[in-house]
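One structure below.
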Amino acid sequence: MSVKTVGVIGAGTMGNGIAQAFAVSGFSVKMSDIGQEQVDRGRKAIEKSLDRLVSKDKLSVADHGAALGRVEGVVGLDGLADCDFIVEAATEREELKLDIFRKLSDLVSAETVLASNTSSISLTRIAAATANPERVIGMHFFNPVPVMKLVEVVRALQTSDAVFEQVESLTRQLGKEPVAVKDSPGFAVNRILVPMINEACFACAEGIAAPEDIDKVMQMGANHPMGPLALADLIGLDTCLEVMKVLHSALGDPKYRPSPLLQQMVDAGYLGRKVGRGFYVYD
Ligand code: 3HC
């Protein structure tokens with residue numbers, strides 16, 4: 001099936017990045033969120049990110065305008081009924097995602113592929129909430145989406161071969177590299193990356209080094225592009241906490257228990273860059 005119009009659910013950090021990636025690659029995009037304010041904020045973020053590409057001579061002014069023009073903001077799910085392909089990037093809560101997929105299942109045609117950008121929730125359970133589970137799949141992007149080349153393509157138990165191949169091909173059309181991973185908690189990247197961030201939170205709480213020094217040692221001693229606490233701020237501390245909770249409950253190993261500091265930061269609303277404060281303070 002040829003894809004022309006892509007629906008993206010969620011205009012937050014990941015959603016607006018995914019919408020941008022499709023729009024820059026020539027797809028018409030409908031970016032949906034629960035309110036106009038969220039949609040407008042998502043469009044502004046896309047505009048800013050495209051501005052950055054123009055200022056670095058990686059995108060022409062004309063292509064900037066064209067890409068932005070391909071992104072239509074919509075409030076609620078009903079406006080997505082005619083999409084050929086939908087990627088859900090809503091908040092990382094299982095009940096919310098199941099509810100969205102149940103509604104999409106009633107709304108769109110039986111051929112529309114329904115992908116989720118979930119970072120840790122079982123695709124098999126998400127697929128089971130729909131009438132045509134063989135067209136449900138995981139398409140896990142990385143932050144910042146315009147820069148990161150990887151997409152983990154996650155097969156639910158029910159996903160058909162045709163849908164899997166279509167998503168691999170779509171990923172390549174976005175200029176990204178698909179890697180097939182099993183439907184397992186945290187898939188491959190978050191299974192490895194988020195426990196490292198969690199460990200950095202433990203180290204920080206134990207006063208092993210100051211937060212900026214924890215980041216410095218991992219940048220200078222392990223050649224990471226950014227330190228784990230700065231990365232937690234980029235990902236969102238709430239997302240990191242949710243991933244740890246899923247790993248802990250699904251795998252049952254105490255080594256995955258969330259750091260109490262991470263929990264406290266989330267309780268305080270210090271969610272990272274998106275709210276202007278996490279381990280660091282942002283403008
Ligand atoms: N939009 C467009 N371009 C962007 C961008 C954005 N939002 N953010 C960064 N860039 C571009 C810059 O323009 C720059 O391009 P250039 O190389 O041509 O100059 C390049 O990316 C590097 O950016 P900067 O020079 O501003 O800053 P850095 O060199 O410090 O790189 C970074 C920033 C790309 C974020 C880098 O620090 C990095 O790779 N960090 C690690 C990110 C990571 O690990 N992401 C995975 C998170 S896990 C996840 O998302 C999964 C989820 O489920 C939790």
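Each Cβ is built from the backbone N, Cα and C atoms, and glycine gets one as well.
Because TrEMBL annotations are produced automatically, they should be read as predictions rather than curated entries.
When the candidates Ser55, Ser119, Ser249 are compared with the NAD(+) site entry in TrEMBL, which names Gly10, Ala11, Gly12, Thr13, Met14, Gly15, Asp33, Glu92, Lys97, Asn143, Lys274, the shared residue is Ser119. Among the binding-site residues Gly10, Gly12, Asp33, Asn143, not one has a Cα within 10 Å of the Cα of Lys56 (CoA binding site).
Near His140 (site 'Important for catalytic activity'), with the C-alpha within 10 Å of its C-alpha, lie none of the binding-site residues Gly10, Gly12, Asp33, Ser49, Lys97. The secondary structure of Asp33 (NAD(+) binding site), as reduced to three states from DSSP, is extended strand. In this structure, the binding-site residues that sit close to ligand 1, with a C-beta under 6 angstroms from any of its atoms, are Ser49, chosen from Gly12, Asp33, Ser49, Lys97.
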